[in-house]
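Peer 1: Just dropping this structure here.
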Amino acid sequence: MCDDEETTALVCDNGSGLVKAGFAGDDAPRAVFPSIVGRPRHQGVMVGMGQKDSYVGDEAQSKRGILTLKYPIEHGIITNWDDMEKIWHHTFYNELRVAPEEHPTLLTEAPLNPKANREKMTQIMFETFNVPAMYVAIQAVLSLYASGRTTGIVLDSGDGVTHNVPIYEGYALPHAIMRLDLAGRDLTDYLMKILTERGYSFVTTAEREIVRDIKEKLCYVALDFENEMATAASSSSLEKSYELPDGQVITIGNERFRCPETLFQPSFIGMESAGIHETTYNSIMKCDIDIRKDLYANNVLSGGTTMYPGIADRMQKEITALAPSTMKIKIIAPPERKYSVWIGGSILASLSTFQQMWISKQEYDEAGPSIVHRKCF
């Protein structure tokens with residue numbers, strides 16, 4: 001930690017599902033909370049209780065029974081700017097308790113995002129929060145930093161978007177980036193659907209959060225899907241029980257691995273797309289023939305949706321099947337990969353060589369929001 005917390009840079013990783021925020025130089029984010037804004041569904045009757053017209057993050061999560069929950073970031077793209085401002089305000093003033101006008105701020109975004117998205121981010125940071133300087137970094141690149149590499153292919157899968165980003169000697173190769181709008185939130189929705197087939201009905205935005213918890217606690221990736229299905233059909237060894245908030249206990253069996261299997265077979269949710277193993281392979285094949293070997297040997301996983309037990313072994317198996325037989329394939333799954341984007345941001349923002357990369361308030365005033373495309377790439 002820097003001695004003077006007065007001028008330390010802030011790092012804010014705005015995920016579709018979780019906001020990770022903290023100070024550059026720390027080894028973990030100080031604040032991790034859901035990217036949710038909740039609004040009451042009912043009329044307040046108790047006068048003087050100080051009810052608010054909206055709740056953010058954990059508070060929205062704890063009062064979810066009476067709220068309608070909305071995620072302002074969908075598939076990595078900010079779709080509701082008013083709610084996003086609320087989330088940033090909450091991050092700075094309630095979670096980190098800092099004055100944003102005193103700290104340079106590093107934000108993150110998904111690769112291949114619309115240009116307007118980062119322009120608007122830049123504009124809000126400078127005009128609403130008056131930050132002295134800011135920067136927008138690509139999430140997958142930060143994950144590679146966090147793993148201590150400069151070359152590799154990152155599979156970054158969060159709540160809203162999954163992407164493969166090949167990076168060679170610190171340069172992302174934009175022509176080979178693959179983006180797949182299938183991630184944690186879609187898996188939660190799919191789990192809601194297949195639990196309905198078992199007779200458990202989850203419909204509201206609050207119940208979706210329960211299903212997300214079931215997914216995080218009980219789901220895993222099968223090494224061989226067909227075999228696992230056969231095992232599940234013939235015995236109850238794979239069944240697990242889960243206690244709902246009201247004390248009712250439900251049992252789930254093959255749903256545990258059918259849910260994340262969607263990552264490898266997107267047709268499960270009606271998506272016409274290759275699975276994550278194929279997009280990884282396709283991305284490597286779009287790179288120059290001389291660097292493929294280095295990419296195969298450095299497959300870095302990052303993001304919350306890569307946290308399923310068994311996912312690294314399955315990726316190893318699938319990519320080995322696609323790649324040339326002599327190729328050495330290595331999947332790197334760091335235990336802290338849930339936060340590796342944030343950790344990479346923390347490393348980047350505290351490098352002395354990075355200090356001239358910030359977009360200053362002065363540069364913004366001279367050039368306007370489009371400065372972000374020139375300074376951040």
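We number each residue from 1, going along the chain as drawn.
For all residues, glycine too, the Cβ spot is worked out from N, Cα and C.
The structure displayed is predicted, hence computed values, not measured ones.
Heads up, here are the entries from Swiss-Prot:
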MOD_RES   Cys2  N-acetylcysteine
MOD_RES   Met46  methionine (R)-sulfoxide
MOD_RES   Met49  methionine (R)-sulfoxide
MOD_RES   His75  tele-methylhistidine
MOD_RES   Lys86  N6-methyllysine
Peer 1: Does His75 (tele-methylhistidine) have same-chain partners at least 6 apart in sequence with Cβ under 8 Å from its own Cβ, and which are they?
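Peer 2: The list for His75 (tele-methylhistidine) reads Ser16, Ala110, Gly160, Val161, Asp181, Ala183, given in order along the sequence.
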Peer 1: Near Lys86 (N6-methyllysine), which residues of its own chain have a C-beta under 8 A away, given they sit six or more steps off in sequence?
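Peer 2: For Lys86 (N6-methyllysine), the qualifying residues are Val37, Ser54, Val56.
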Peer 1: Quick check: in three-state DSSP terms, what is the residue listed as 'tele-methylhistidine'?
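Peer 2: Looking at the DSSP assignment, the residue listed as 'tele-methylhistidine' belongs to neither helix nor strand, so coil.
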